[in-house]
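Quick notes on the structure that follows.
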């Protein structure tokens, strides 16, 4: 993987989060001199901080990226397998919907622990270094010049061959690219926010089924719970900010949970629920799209800096990790030629990252509203049956996204085609059933339906036979 033509070339990665740290591993493995600049302090020694910590769902794409740098086994060993969605109805009834076949599962991963492991992996390379407490002040991407502010607040200019922007949804690197002509950008805050709650262990064990992603769908809002290695569950309540504002007091919160999530209260505990609910305000969720992802051969965006997505398909981290893997594959293909790799990365990756962004928006509606419907369950069973019957022709959308590396936009196209075929098949089947039912109904109501039809036809035929002077003419009768 490493190549002599990368030795001595310097890459600066802005952002030491998940994607930035993994990217640094890929680049260091290629013999680049890698410097990672992270605005926060080192989370491995920092005091516990709450905030942006929605549990992560690691699936096939992310695992393949980790595998490429030799980290898959280490990370997977610290995750909890989730084989199904466990749907909690308002009555307290629970029903499991498997994600795929018996061998397929996604992993619940702690964001904090994963980030710590990735930072440690970066520092294991002698040609890579992580600089904490350094904030990007100014960026000239065409020249590869950055101005950083360190802990002493003294500006320092840095020159490099490549700038990799992995600094999240509010990317400073992207803000500098937005000043360039022909750079498209859009962002959307969804009207819903999220709040993190906790279900502690019960008698030293999981309080619910551990190998499931638990969902309380309530149409306009929902709550989910992902298992942790310490036998607790991290719960996330997704709801519109207007609804959150209607819960200013402890009694309002308790009434709301008794009405909508009555089975969750004894699992959380009333006191713990109140403590967690008022610890932090609801956090916003943003979706970001931009194009292109690069500027010449000097700068490229990856992860949330390029395509922040809402978390409802569990693909934010996986898409970001796949960015790193795709870029690495392009570097192999084009011999580390940045002037070719960067534009090709934009061309190849933009349709996929925009597709998963749209799918994530769609999946929020499915998770909070559709999973309770009988039609949804019927579609899932039909998808499963057709996939078992024709595994290479019919592949469920979730399977394509979570358990393969089929490109995101191709998965969407294939999903639409499959839906069209299935809907036409159901229409034909429904028509045949309707015709058959009509025939049976007529046959049941009339004791001699066929004789009546036959006599009616005979009488009509006799009339035409007697009328010899009248003969129908058709084009082929000459």
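Placed from the backbone N, Cα and C atoms, the Cβ positions cover glycine too.
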L-kynurenine site partner of 99, 363, 398 (as recorded in Swiss-Prot), chosen from 85, 347, 349, 414: 85
The annotated transmembrane segment range in Swiss-Prot, which must be one of 425-445, 446-466: 425-445
FAD site partner of 19, 37, 38, 39, 40, 57, 111, 136, 304, 317, 318 (as recorded in Swiss-Prot), chosen from 172, 198, 236, 249: 172
Correct range for transmembrane segment (source Swiss-Prot, candidates 365-384, 385-404): 385-404
Winner by Cβ contact number (other Cβ atoms within 10 Å) across the binding-site residues 40, 85, 111: 85
Pairwise CA distance, residue 317 (FAD binding site) versus residue 363 (L-kynurenine binding site), rounded so that it is a whole Å: 16
Cβ neighbours within the same chain of residue 99 (L-kynurenine binding site) - under 8 Å, at least six residues apart: 82, 83, 84, 85, 105, 106, 398, 399, 402, 403
Three-state secondary structure, which DSSP defines for residue 38 (FAD binding site): strand
Least buried by Cβ count (within 10 Å) of the binding-site residues 19, 317: 317
Cα distance (Å, whole number) from residue 111 (FAD binding site) to residue 363 (L-kynurenine binding site): 22
